[in-house]
Every structure is written in C-alpha cells, then in structure tokens.
Amino acid sequence: MAKTRPGISGTKPKQGKKDLDSYTIRGTNKVVRVGDCVLMRPSDTGKPPYVARVEKIEADSRNNVKVRVRWYYRPEESLGGRRQFHGAKELFLSDHYDVQSAHTIEGKCIVHSFKNYTKLEDVGAQDYYCRFEYKAATGAFTPDRVAVYCKCEMPYNPDDLMVQCEGCKDWYHPACVDMTIEEAKMLDHFVCSECSEDDLKRSQNGFHPSPVSDVKVDAKRRKR
C-alpha cells in the first residue's frame, strides 16, 4: 500500500457533488485550477508542506470543497531515500492519488521540468523540479537511467558547482579533481587529467578546429 497522507483518502463519489473550475485559497487571493501544483499542510507541523498536483476540484451540497490530487514525493520519502545527486528542490511525481479537503492547501508552487529548472536565473522558495516518476508501492522510477558525469559517475545535482573539461566536454565536481570550490570559481579554463593541454591545442589548431565554449565553469546552483 502507498503511504497515507493526512486528510480524506479514497473517498467514494457521492450524490450532489459538482465539479468546480477553480478554488481560492482560504485567506488569500490565490486561485487554484486543475493542473496547478499546490503546497498542502502536513499533519505534523514540524514537517515541510506536501506538494501535489490538482487533478479535480469539486464541492458537495453543503459547499464543502475537496480536491483530488496526485502527490509528489521528496527523495527522503521514497523507498531508496535521499541520495547524493538529489537536489534540495527535487520531487518525484508519484502514482499515489488522494482526495483532500481544499482547506489543507496552503499555497501554490511550480514544479519545473529538470531542464527548465537548470535554466532558472533565480530559484524561488516555491520553485521545485521533477525528473522522475515514482511508483509508491514498488519504489520503481521512470526513467530508470539518466546521464551520469564526472569520475564518480553520478547524475547531475543542480545544487552542485561543476567544471567542464575543454577537451572531452565532460563535467566534474571540484572535489573529484582535487580542487576546492573556491579554486573552481576562479578558473578561466579547465582540462581534465585524461585530456592533456597539448592534445587540446592540436585539436584547436588542426585541420578541422572545434570551437570551445567561453563558459567553462558552471556556477549552478545558488542555494535557496
């Protein structure tokens, strides 16, 4: 069984319910519509709010509003737990659905695609990202494989600064190439141990030169 979140779960349809186009969050002027991502109040006040995508909004004959939601899980809530490459704002879109009182909605948020998140100039408190779908009962992820980088062969964590080799174009964590973060931030260019400076010069001055990007240090990401 998937984990139980606070509120009403698995409620059967009742007579007299009507679908709503939107819901205004109590005490605010923020309007929630189907497809929006929202922050929902946890039963344990010491925990961060749950994140969910609204699938349906409906009201009963007494005008009690409920929302059918699809939950996002944080890495620490998954069977595998949080790992080194999981970012602070990373979420997994689960196959876990619930029906909750609309009054548990605290605010709205944005769950970006991984690609769009990495392009953000500034990451706000309500910005999250998702690159995996997650089956809550089995702990399986889709996709089950993603690109890996560096000597450590880890997926990209957008919270971590990485440097790009001008030769092979691979990205490296400063610590994995015996460098501090401060030293990495001061680099004008970087060549990994597998690509010598001489080989790089030959590739640049040869018959078919390859242009090299001006930006070699990826200062992503700023911490929220």
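Yeah, the Cβs are placed from backbone N, Cα and C, and that goes for glycine too.
Annotated features, as they stand in TrEMBL:
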REGION    1-22  region 'Disordered'
DOMAIN    30-145  domain 'BAH'
DOMAIN    147-198  domain 'PHD-type'
REGION    200-224  region 'Disordered'
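The helix, strand and coil residue counts that DSSP assigns across the domain 'BAH' (30-145) are 11 helix, 57 strand, 48 coil. Within the domain 'PHD-type' (147-198), the DSSP-based counts of helix, strand and coil residues read 11 helix, 7 strand, 34 coil.
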